[in-house]
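Visitor: My questions all concern the structure below.
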Amino acid sequence: MKTVTVRDLVVGEGAPKIIVSLMGKTITDVKSEALAYREADFDILEWRVDHFANVTTAESVLEAAGAIREIITDKPLLFTFRSAKEGGEQALTTEQYIALNRAAVDSGLVDMIDLELFTGDDEVKATVGYAHQHNVAVIMSNHDFHKTPAAEEIVQRLRKMQELGADIPKIAVMPQTKADVLTLLTATVEMQERYADRPIITMSMSKTGVISRLAGEVFGSAATFGAVKKASAPGQISVADLRTVLTILHQA
């Protein structure tokens, strides 16, 4: 299986990489959060642009991206607008969403973008190609905050992301039962062992699913999300605790 290298970080080998999310509403918030994150132990900084109030003004978005880049100089920057329908803070039209991601790619300030699988195949494929032309990696994602689909459906979605050119397919689902967590882990193993030719990221959310955030190296998930301050999704644990557990499992 091939790995994905972003800056000096190799995703898909060794312990799962830790991603943290920055969620400031204004440029001032974004700067202060980035400064607070500077000393934290993580691997990838995700900027959750859907939390940013001025998201429809390209100049403001790029100014904020530049501010983050000036403060966090050494870590890969992942640009993510999470749509309202997949748990995000705001809604954009498909045209606005694609234009925003293309502007991020054009800026040269971001290393990765997050594209939601269900944006539309043609739009997704074209935007993946555009990102790759500019040496920007693509995490393709799907989120279900209500349930855990069947393992076959989870695998099918991850395979579809791979077919559409994602560098890293990602899925996050909500467990209603403990068995749902096993469903997600089973799907992860099946995808990783039978179909994946690149790293994948999977997680079962909430307190019930927290084991999935810790045991990625065992089951086949190449990265996990931790919290520096406020969690960006239910079930996230602090980056310090996360690193400790990931290291223990890696060295076992």
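Every residue gets a Cβ built from N, Cα and C, even glycine.
Annotated 3-dehydroquinate binding site per Swiss-Prot: S21, E46, W47, R48, R82, R213, S232, Q236, in sequence order, evidence recorded as sequence analysis. Sequence annotations record features per position, and here Swiss-Prot assigns active site, proton donor/acceptor to H143. The active site, schiff-base intermediate with substrate feature in Swiss-Prot is assigned to K170.
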Visitor: Could you tell me the C-alpha distance between K170 (active site, schiff-base intermediate with substrate) and R48 (3-dehydroquinate binding site) in angstrom, no decimals?
Guide: 16
Visitor: Out of R48, R82, H143, K170, R213, which of the recorded positions is least crowded by other Cβ atoms within 10 Å?
Guide: R48
Visitor: Roughly how many Å separate the Cα of R48 (3-dehydroquinate binding site) from that of H143 (active site, proton donor/acceptor), to the nearest whole number?
Guide: 15
Visitor: Quick one, of the binding-site residues S21, E46, W47, which Cβ has the fewest other Cβ within 10 Å?
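Guide: Looking at the binding-site residues S21, E46, W47, the Cβ with the fewest others within 10 Å is that of E46.
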Visitor: For Q236 (3-dehydroquinate binding site), which DSSP three-state class applies?
Guide: coil
Visitor: Can you tell me the three-state DSSP label for R82 (3-dehydroquinate binding site)?
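Guide: R82 (3-dehydroquinate binding site) sits in coil per DSSP, no helix or strand.
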Visitor: With Cβ-Cβ distance below 8 Å and at least 6 positions apart along the chain, what are the contacts of Q236 (3-dehydroquinate binding site)? List them in sequence order.
Guide: R213, F225, G226, A227
